[in-house]
Structures are given as C-alpha cells and as structure tokens.
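Features reported for this protein in TrEMBL:
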- GLY168, GLU169, SER170, GLY171, ALA172, GLY173, LYS174, THR175: ATP binding site (BINDING)
- 981-1074: coiled coil (COILED)
- 75-815: domain 'Myosin motor' (DOMAIN)
- 1303-1583: domain 'Dilute' (DOMAIN)
- 624-675: region 'Disordered' (REGION)
- 690-712: region 'Actin-binding' (REGION)
- 1154-1183: region 'Disordered' (REGION)
Amino acid sequence: MADNIYTKGTRVWFADKDQGWISAEVTVVQKGSNDSIKLVFVDERGKEIAIDTTAKDVKEGKGDLPPLRNPPLLETADDLATLSHLNEPSVLHTIRNRYAQHSIYTYSGIVLIAVNPFQRVTLYGPEIIQAYSGRKKGELEPHLFAIAEDAYTRMSREGQGQTIIVSGESGAGKTESAKLIMRFLASVNPPTQGGKARTKASLDESSEVERQILATNPILEAFGNAKTTRNDNSSRFGKYIQILFDGKQEIVGARIRTYLLERSRLVYQPETERNYHIFYQLCAGTPLKERKDLGLDTDVTKFHYLRQGGPSSTPIQGVDDAEEFRGTQQALSTVGISIDKQWAVFKLLAALLHLGNVKITQMRSDANIEDTDPALLLCTRFLGISVAEFKKWTIKKQITTRSEKIVTALNAAQATVVRDSVAKFVYACMFEWLVAIVNESLAGEGGEAANRAEMFIGVLDIYGFEHFQKNSFEQFSINYANEKLQQEFNAHVFKLEQEEYVREEINWTFIDFSDNQPCIDVIEGKLGILALLDEESRLPSGSDASLLQKLNTQLAKPETKNVYKKPRFGNSAFTIAHYALDVTYEVEGFIEKNRDTVPDEHLSLLASTKNTFLKEVLDAALASTKPPESPKPGSPAFSDSGSGGSRRSSMIPDPGRASLAVQGPATGGSRRPGAIAKKPTLGSIFKASLINLMDTLSVTNVHYIRCIKPNELKRAWEFQPQQVLGQLRACGVLETIRISCAGYPSRWTYEEFAERYYMLVPSSEWSPMIKTLEIKPLCSLILQRTIPDEDKYQAGLTKIFFRAGMLAALESMRSDRLNAMVTLVQKNVRRKLAVKKYQTMRKAAIKIQTWWRGVIARRFVQRVRREVNAMKLQTVIRRYMQRRLFVMTRQAIVKLQSCIRGVQARHNYKAARRQDAASRLQRLFRGILVRRTYRSDVRNVIYIQSCLRRRLAKKELKALRTEARSINKFKEISYKLENKVVELTQTLQKRTAEKKELQLKLTELEQQLQTWVTKHEESDTRAKQLQTDLQSANVEISKRDQLLQAKEDIQRRLDEALSRLSEKEAAIQKLTDDLTYQVTRMDAQQKMIDNAPPRTTEDSSVIMTLKNEVSNLREQLNRANALNSLTRGTRTDAPLSPTFAPSLRTAESAGALNGAAQPNGLTASKKTHQRRHSSAGVYSLDPSDHRASVDEIMLSAKRSEAGNPRAVSVAYNGQDVPRFRASNGLSDIYDDPAEEKIKLMLDAKHLDEDVLEGLIRGLKIPAPSLTNPSAVKEILFPANLISLVTNEMWKYGLIPESERFLANVMQTIQSHVMAHQSEDAIVPGIFWLSNVHEMLSFICVAESDMLQGIGPGGESAGREFDWADYERLVSVVKHDLDSLEYNIYHTWMLETKKRLSKMVIPALIESQSLPGFTTSDGGGRLFNRLLNTNSTPAFSMDDVLNLLNKVWKSLRSYFMEESVVQQVITELLKLIGVTSFNDLLMRRNFCSWKRAMQIQYNITRIEEWCKSHNMPEGTLQLEHLMQATKLLQLKKATAADIEIIYDVCWMLSPSQIQRMCTNYFVADYENPISPDILRVVASRVVPNDRNDHLLLAPETEEVGPYELPLPREVSGLETYVPAYLNVSHLRRLAALVA
C-alpha cells in the first residue's frame, strides 16, 4: 500500500522562498536495483526536481520526500483536522484558498483560525448571532460566534468556567474579535425550558449590566490602545474579561484584569505611531470653554508627548477623534462614572500633556527648569502640588545612607527621565483606577454580582508572539507570556488527545512533543533571566552591561545551550530559542524599564496633593499592591457541601491584578528590623500576574482563537504566504498539527468508516454483515484486508483511529476499487454494446445479402427480357426501314409530279392575272375622266348663282340705308329704349322692396326660433321635474297603499284581540280573586303557624307546594299582563334615537320622532342629550363606503337568517314585537320586567358565573368549516350577548356595574386565550378575535352616537344617568377593547409562529418528498438502501400546509376581515421564506442540486396552496429561497456560468451567492467548483456595502404590527343563546330584552 504513495500524477509540495510552498506533480517513477526509486517532479513553474530514494524510505516517510497535496475536494475544507494529508503546506494552502473565497475563519481541531480581511464584512449582524445561537460547533460555517456559543453551551451544561483565548500579533484583529465575542454573549438570552436560546433583537433589550460590559470596550480602547505601524487600533496591554453568570445563565456582572500596560508609549512614540487615543480625543472633542480652561489645543503638535510620531501619524484615516471622544464620554457614563469625575480624569490627562512640555535645559553639569515655564505652572496646578518642590526633586535626587541623606544634582537627560517616570506613574495609576472603577460598576452594589455568580466565561485578549529587528524588554515580556500560554496550549491539546484515547480504550504510547519548559525555566527559574534582572535592578550601580555579563555567566552552560545563546557578533544582546523561533534581545534599557521607579520624593509630593481626585487615584493604586488575602482558587467544579459563598469563590477564580502601579512596601512576610523594603519590579509583577492567570486557565475549559495578519500593508484580501506561515508557527497551530500527527490524527466512527469503505471487500461478505448490523466485524474485516500493519490504526469503543496518511492511502485504495468496479461495469456494458452491435450487423448483413440476391435475379430476368425485346426490336426496325424506303420513294415521285403540275398552274395563273389587271386599269382611268368633267360643271354653276345673289343684296342695302336716315324712325327707336329703361327701373325697385321684406321676415323668424328653443328647454326641464314628482308621488302612493293595507290588517287583528281581551280580563279577574283569596288564606295560615307547634317534615313539603303554586300563578299573571299590554296598551312616544330603531319602524314613526325631538319649536342646536333605544341600531357610517366584503357576507347571512331562522336556540328572537309596560293597575301587584332586568343585572355573582364561566371559559367553540359554515349569529353570539348586557346596563344607568362587568369580561377573555399553547391557540384565538372586534364595533357605534349627543336611552325604572361617567367609560372601554384585540392577535399569532418555526426547517429543507432525488448528504446511503431506515424529519410539508389550512379556515369561518387574512398569511409565509433561506445559507451539507430539487418541489406545493386560496402574491415571500434553489441547480464551471447565475438570481446579494457557492456540497461523481471560479465569485462582493447582507433580517417569533380593520356594521344586537349553554340567568335576561 505504501509503494503506491508516489505514483505518476501524484501532487506534492516543495518549499519556496517567496510563496512558502509550491505545488508539483510526479511525472516519472523509475525503480532501480537494490530497491532504489527515482522520482521526477515538475513544479508549477515547469522546473524539474529529481529525488533518489528507496522503497523503505517511501514506506516510512523518511528522507527528503516532499509532503503530499490533498485532493481538490478537501483543499477548501473548513476544518484542517479533516485533511487527508495533514502537513504545513496543506494547512497554508487551505487557509489561502478559503481566504481568497472570503472565508476568513477555519477550524484546526479545537483552534479557530481567523484571518483579518482588513475590510468590513457582513458576518456579525443580529441575524448571524441568531443563526449561531443554539447551534453546535461544526453545524455551520466556522465562526468566532460558534466558539462563543460552544463556550456558553458547555458552561450551561457542565457548570464549568470557560476561557476564550484570543491571540495574534498586532493588527491581526484580536481586539475586534474579543469585542464581537462579548457582543454575542451579551446578545444571547438563556435558553427557555426545552427550547433553544433566543437572541436579543437590539441593545435596548439588553440589561444594564450587559450594556455596561459592552461599554468597557470603548473605555479600554481609548485609554489603552494606540496607533502603531502595524495596526491603527493596537491594544498596548493584555486584558482578561470574566463575564459572570448566575445559575440561570443570565449575565450578572463582569470582572476585568489587565496585564503589562505599555507605559513607555506615553512619553515616546516611534515614527508614524501615536500616543494613546484618549489624548487625541481630548484635544479634538473638548468644548471650547473647557479646552481653554485645560490649556489644550486642537493642534496636537504643540504637545511633546503627541508630536513624536511625525505629521503622518495623525489623524487616523476614517476615524473622527471628536466623535470618538463623545462615544468615550457616553461609555464612561454608562459604567457609572459621573460627569464631574470624567472631567477630573480629563484634567489629569491635560496635566500629563503639560508635564511633557516642561522644558529642562542643561546648565553646565546641572539641569535647570524655569520658574515661569507655563507648562510647569499648568501641570503643577492641575496636579495640586507645589511648584518649587516639583522643580527641586525633578532636577535633584536624594541618596539615603545609614547615617545621612545626600542631595545631588541631575543632568538634563536624567531630569527628563525623572519627569517622564512621574508622567508614566500617574497615567498607570489612573489606568488602574479606571479598571477598578469599571470592575466596581460591573460587580453591582456591594459586590452583588460576585455573590450571585456561579459560573463565568473569560475572554483573554493578549498580545501574540513578537519579533522585530530590535527587541527590548517589552518583547521579552510578551514572548515570555506567549511561552506560558503555548505550554498551556500544548498541554491542553495533549490532554484532549490523551482523554480521547483513554475514553476509547485503545493501546497508545506517550506522544513526544516539544515541551518548552526548558525555555520557561531559563526565563523564570531561580537563577533565570527574571531573577538576575531583579537582582541587578536592585543594585544602585546596576547596569545593562553587568546584567548581560551575569546572564552569560549563569546561563551559557551546556544544559541550557539549546535555549540561551550568545550572538556571534556584539556584546549587547542575548538570544533565546522560543517555541516559534530564536529571538535576539538588546539589553539596553532592560534595567531602567524593569525598575520603572519614581523617586520617593515625588511619591511623597504626589501623596500630599491638593487634588482630591489624584489622591483617590493614588489610594486605589496603593490598594492594588496589597497581596490577596483569599487562598489560591481551586477547581471550578460545583461542590455539594459548604456554603454558597465558598462555592462561588471556588467557581470564579480571580486571575489577579496585572500591572501594579505603586511601588509601596511589601506587607507580607517577615523581614529583618531595619532592612530596606524591596520595591516590586515590573518583571516580578508581570511574572506573578502571569502565574495567577495560568492558575485561572488551568481550572477552566479553554477555547482558542488564533488571529492571523495576512499582509503587512493592511490591504484587503491580500495574502502573503511567508508572513502567514510565520504566524502559524508562532501561534502554535503547526505544533498542534505535529502533535496530532504523532498520534492518531484521523478518527472515524464505525458507521462512517463502513459507509465509506465497505466496497473494499466483496459484496458477498459485507452484505450479510450489514443486514445483521455487524458493523464492527465488518470494519475489522476491511482493516485486515487493506492495512496489514496493525500499528497504523487502533480500534476504539466507538471510533477507529488512524496514523497520519492512512486515510489518504485508504482513499487511494477506495478510488482504485471504485475505478476497478467502474472498469468492470464499463467492460460489461461495452461487451453488451458489442454483442448488440454484432447482432445488429449480422441482421443487417443478412438483410443486405437478401436484397442483393434479389437485385441479381432481377438483373438476370431483365437481361433475358432485353435480349428477347432486342430481337423483336430488330424485326420491327427492319420492317420499318423497308417500309420507310418504299414510302420515301413513293413520296419523291408524288412530289415531283406535284411540282411540275404546280409550275404549270402558276404560269397559267400569272397570265390570267395580267389580263385582269389591264382591264381594271382601263376601267378606272375612264371613271376618273368622267368625274373630273362633272366637278368642273358644278363649279361653274355655283359661281353664276353667287354673282346673281350679290347683285340683289347690294340693291336691298341701298334701300335700308335710305330708310335709316329719316327722323321719325330715330324717335320711335328712342321711345322704345326709354320704355325699356323705365321698365327695368321699376323692376329693380320692386326687387329691392321684396328683399327688404324678406329680410324683415327672416329676422322675425329667427327671433321666433330662439323663443321656441328657450320654451322647449323650459318645458323639458318642467317635464323632468314633473316626472320626478310623479315618481315621488307614485312612491308615496305605494307607501300609502301599503300603510292602508297594514292599517286594515292591524285593525282586523285589534278587533280579534279585543274579542279575546274580554275573555282574558275575565280570566285575569278570576285569577286576581283567587290570588286575593289565597293571600287571605296564607295570612290566616301564617297566624296559625305562628301559634302552632314547630314544623314537621310534612309541613315543610306543604309550604314548598304552596310556594310553587304562588310562583306559577305569578308567572301566569305576568303573561296575562304582557298580553294585555299587547292588545290594549298603546305607546304614544316613538323611540328617541335615530341610530337604534326597531325593525318595524315606518316613515310615520320617523316623522313622530322629529316632532318629539324638538318640542315647542326648539331648534336642533339645543344642547340636550338624546336617548338611544337599546334593542337594535345602525352604524353611523355609510355602508356603501365603509363596508368590507366580510361585512356584506355577514349582512346577507343575517338577512337570510331573518327569512329562515335556524331552529337551534330556545330563546326569543330579536325581531319579535317589543314588550311594553302594562297600563292597568296590575303593576302594583306583579313584578315589572324592567325591575326584573335590573335585578338580574345587579346580581353580579350569577351574571359573572353565566358570562365568565358559561359563555367564555366553558364555551364549546364551533368547529371551523367552509363546507358547512355556521351562521353569523352562531359565531358572534358571545359578542352580541355581552354587548346586549352592556347596553341594558347603560340603558338603566348602571354605569359602574357595566364598567366592572366589562373589565371582568375582557380580563377573562384575555386569560382564556393566553391559556392555550401551540397549535391549540389558533381556533380560540381567531374566534375571540372576531368576537372582540364585534364588541369593538358596538362600542364604536356608541361613541359615534355619544359624539352626536345621543345617549343609551334612559328608563324611568333605572337610576339617574351620569353623562360624564358614560363618556369616560365609552372611551376607556374602546381603548381597552382595542388593546385586547391587539393582545389576542399577538397571542395566537405568536403561538402559531412558534409552532410553524419548528416545522419549517424539517418540512421545507430536510424533508425529501420528491422520489428519485433523495440524498443523505454525506452518509447513510448504504444503510438506508439496505435496511430501509431512512430517518424521516419530525415534520413534513403536509404538516405545514395543514397548519396554513387551519389558520385560513378559521379566519374565513369566523368572518374575519380580508385585510386580517392577508396580513396573517403573508406574515406566516414570510416566516417560512426567511427561516428556510437563512438555514439553507448556513448549512454546509445541504447546498447540493438534489437537495435544491427537493426544496423546489416543497416550494411548489406552497405555491399551489397560495393559488388555490386566491393569494398568488404570497409566493413573493419565498422568492429568495426559490432563487437559491435555482443557483444550486445551475452550472458553475466558468465565468460565463457565474454571469448567468447573477442574472437569474437577481434578488440574492453577492455575499449570499458567494456563500452558497462556497458551501456547495459536491457529490462523488461531481467535479468540485474550481478555486478560480470561487475567487471570481468572491471578487463580486463589494466592500463596505451596507445593502449587502449575508442573511435576511430574521423573522423572529415576535409578531408584526397588527393593522386594526375598520369597525363592522352593527345592524342589531342578537338575543340568540345556544341551547347547549347552561346560562339560565343570561338566557332570562335575553328573553326579557327580546
């Protein structure tokens, strides 16, 4: 098996100077003699690499063999522990691939690797918190929320303290990760009973303690973070935050411990770096007045402590210091620091800035400070100390000997060191005070949080391993802390491995891993670096050079030569071999930084300050130096004995104060009298706090988050392999992998192993084993056949453990086996195809032969036929040729004869023709001559005639001329002309007159026409008016006819009633006499009873009989009284309300109403309250404008009921004839119905019992049904009866009683509805929602009448009506009913959504209803196929559709408005769509094309439901899910495919598409998505796009706002009481009202 590791095509890794590792492929494998093998590789650049090795080395993995590369399917695995080849290049390549796909988190066993994206990503919203809340680690994509949830879950389940260690180098994202973890813990509510934890929707839902915990982040960042070359918000201290929880897993407080604050940053910053953020915030955000008082300036270059980083150091891009200052102030207020204290802090900070500006000049050998230095004056004034004393002890020092004190002068450099040490000391004290105040605020009053806390989760944000060109004391301390943490980490990993092996009971040997205890011993041993450093620091003449000499003397020994090394060159440094790499430290400044002392004179001066706040700060710092009085914390496990306080103290270990500020005398231990107190050095303080921290970590369950900085330039999504590789080594991830590889890194359960590798043995062996569930024997059989070396695996109780590389070998064998089986299948298929092809070809050949034989036979027959036909053809042709020769000869002879005869005929014809032509010419010429002679003769005759005629005309002309010359002739002609002119003139005048006359007639006609048009319009208008009047008259006439008919009927009935009345009066008189007689007898009997001896049982029975008789008589009297009032009694006054009127009211009664409403001519504006009748009414709004479709349904149903009432109720109908008071004198004897109604309404006990118990709690709600729907009155009778009782109470002035009654009713309805849970709340919730809305509609009618001045209608039998109380009650009841309807809706909708939310994921995502496309997503196919044990989800789509049907049917059956139906169904569908989409997006193994088809089928069923229920727009709520299923089914092989996906899935954001492509689950027969394609998808994600959310806004179980529908039309109050209700009191009241 091992010989096949390096085969042709195997991919491996080679080390590369630039890329870290580069991929190569085996091209040649040559086996030589003596078991030698030559391997030739070609890398990505085309370079050939040859390696000579042996088969033994290949088998044992020795030599310079390159590490193997994983298959493409695993190169983006989210857990490095699942890699087949677990080696350094595979780890680096997997992290790089995931980072290129914008997946910044990767698991490595128990470690979460977080690579800084240097960009805002949409991975931390409330919807992401909710998605990870309550989910196990590994279910979803790697995320730090998964680590936080795992810690929270284990704390809740095991009751053990948890610690989350966040480490990494500066700029890797440690601080942000710690903040996000704290936000997650503060956002998660404790899990309910039997349910999962629910996240808080916003910060407003968080408690005060949770807000204070989150507020510590901006405070500590402002005072402890600064900009460095590597990070704009670098934490310059370590912190350990303990979040304390009580027994209910609720946050009760917190505790913060800080470690090794970088004090030197206050007085010195390298180029491009800044001081702590708070100083820049103070200068930028302080108001003008305070800025002037504190002597500050917005120009930070005026302060020495702020300008050393250069002009490029500030401001930070994208950061507004003024805005950050306001945030810091708000955070300080949140943790309980008052405004005065805040400005005291700011005053102290200003003092430190001015202290840095104090100028120290060199005067020969002494330092000097000017007395008038403004910075000196401001600084001493703010600090509250003496100027002279501060100046004196800054430039001078005092040496104390046994006998005297010597004061010496300091030079300028030494004085500057003293000044800076005072500044560092004051800032460190203030930082300690700030942490103490925050802890005091988080601990509650009197340490309440510590007393209540029973468990905790700690978040350790600590600096990672550091290695610079020049490393000093700070890097030494940081790396020392990382050595301790790495040791704890290695021990924890080894412990987990050991526990796993012990739990599985496998044979194992000790795993050798590189323990860094020798390095720790060199640092903290008795003669270690820290001990020698403290010793040298306490010597007055101690120096860095002498320290280095001592180190070389003590530690440069053979036993420590592997840890402590002397550099080859230089005498000012030493080298320590840390676990990550060797680091060389410069000893310059070690002594001074370790001392970090302030002169005693300055301490005394500060202690005598007049600044009360500074004194408080110093006292807090002094208190922090006291050693703890409590014993060392023990195990965090719960203790069954002892007090609660002791248990809590053991549960919550205190990690100790880290950076003690004040060098006070030690209080513990005994020392010699007169001995000088040893001041604690910075190294000893840090060592003690670190040991304390390790003790705390040792008693908690630790979770690790390693933050990685991918590049030095902080560029988004840029990956530098060498830098990442160095950090992976430094953070211990590779060491963890090495430890895992040393043991059994790969482990599979028996079921998973059998499922994966069952094909490695024949089916005849594994099939019966699986059927009998012999899984372990099957696994043993597989292992025996595949892995002969038993040392390569171990079989545990539930798992099989494999050595490194074994899974890759098994995968190779599995692939070979599958290839062999596929080859076998292909061979058989090809054989079958070949046989089929042969048979087809044989059949084709036979068919072709048959065809060709037929062709040949046909050709032979054709040839024979051709020969016969040829002979016949020759005979015919010869005959034809002879006959043709004969015919041609005959034709030639005939033609010759015809030609000769033709020539002769033509010759004769020509001669005859010539003769004819000559004759014709002669004839024509003779004709011409004759015609010419005739024409000449005619011309001559005409000429002669014309000459004669001319002569005669001339003669006549002469005669006429002579005649014309005479006078008479002229006059005659002139007279004729004058007559003609006169005649024409007269004719013209006549025509002119006729024209004028015609014009006048035309004008008159036009006027007449206009008049007729006007008259026609008027007549048309009058005709229309007359028609309208006629119609009105017809209506009135018809009404009159109807009234006359009704009058005749009433008169006839009245006559009949009068005839019966006489009989009844006689009966009544008789009954009255009997009653009087009975009363007389009873009085006599009462007297006898009084005088008689005590009663016996017989007497009591007689009395009861008599009482029954009296009650019967009284009932008969009441009935007679009612009949009398119906027959004889008349009511002269009509109802006074236009709103509520009886159904029998006529037009005349309406007129009487108007007359009665305004007596004595009073106008309608008179301010008197009208009265409203109580039996029925109409809502004041116009029904046509405000009636919904449900109102119309209800109105039509009520009308149908009026025509055909259901025979269900035994009560009176509300449309019966009203019952009036009797007008005779019998009312003095019998009960009045009004008094009986009042008595019934005042009987609160029985009324409440009937209404609250019988009508509400004990009500049998009609089952919802659309096939046989209930009538409106059968659904709304509770609301009608309650409104009826309320109306009667108002009618008789019982306002307080009605208020009590309605309050009890509403409270009972609400408690009754809220008592139902889950799906049982749907029917009662919707039923009472409809009834409450009906009651609200009745109240709206009353309010409308009230606004018009119409009251409920007073009765003389009732008490006086209080109008003001009535107005108040109506408004209050309306508001309460509105709230009740809102609460009922939210109650049943909340229960429905809870129930539906449990169904959605199993039904829509997990269920597989579509046959032929089922998938088990990575496991179980074999067992499911053979054993048919496919576990079905808890819910199916039928359950979801049944729930929707139940809601729909209930809403429709109980007559809810259409708007409510739309709102309810839309909200439920939105819950389905959002929950399903978010769950699918976060599930890794569900993003497959088969699963997408199953989900699409389930969506189709919901679409069909929406269409069948006339709600096609409801499917819009599922659009995201539908597009997600399309994405999973589309091809994703090329960039063009990705473009198609973006076009089709237009609603999905780039982040969602990228997540689904990354999570796509590749089946065995599919090619994985190329990393290049995944990079293309990731590149489409726009940075900092606020609209690009990964998850949809989660549809929480909270219910959306309820839009109250319009009030219904109240046409009357039904008195229907179902027969099955046992409500006699209410039934009697309804009967009386009816």
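Residue 1 is the first one shown; counting continues down the chain.
Just so you know, glycine gets a Cβ as well, placed from its N, Cα and C.
Annotated features, which come from TrEMBL, shown on the structure.
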residue : record           : Cβ contacts under 8 Å, 6 or more apart
GLY168  : ATP binding site : ALA114, LYS174, GLY464, ARG706, CYS707, ILE708, LYS709, GLN727, CYS731
GLU169  : ATP binding site : ARG230, TYR463, GLY464, PHE465, GLU466, CYS707, LYS709, GLN727, ALA730
SER170  : ATP binding site : THR228, ARG230, ASN231, SER234, TYR463, GLY464, GLU466, LYS709
GLY171  : ATP binding site : ASN116, THR228, ARG230, ASN231, SER234, LYS709, LYS714
ALA172  : ATP binding site : ALA114, ASN116, GLY464, CYS707, ILE708, LYS709, GLN727
GLY173  : ATP binding site : ALA114, ASN116, CYS707, LYS709
THR175  : ATP binding site : GLU221, ASN225, ASN233, SER234, SER235, ASP461
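Using the Cβ center of GLY168, GLU169, SER170, GLY171, ALA172, GLY173, LYS174, THR175 for ATP, the list of other same-chain residues with Cβ within 8 Å runs, in sequence order, ASN116, ASN231, SER234, GLY464, CYS707, LYS709.
Across the coiled coil (981-1074), the prediction's mean pLDDT works out to 85. Its Cβ placed at the centre, LYS174 (ATP binding site) has 29 other Cβ atoms within 10 Å.
Here the region 'Actin-binding' (690-712) is broken down by DSSP into helix, strand and coil counts: 9 helix, 8 strand, 6 coil.
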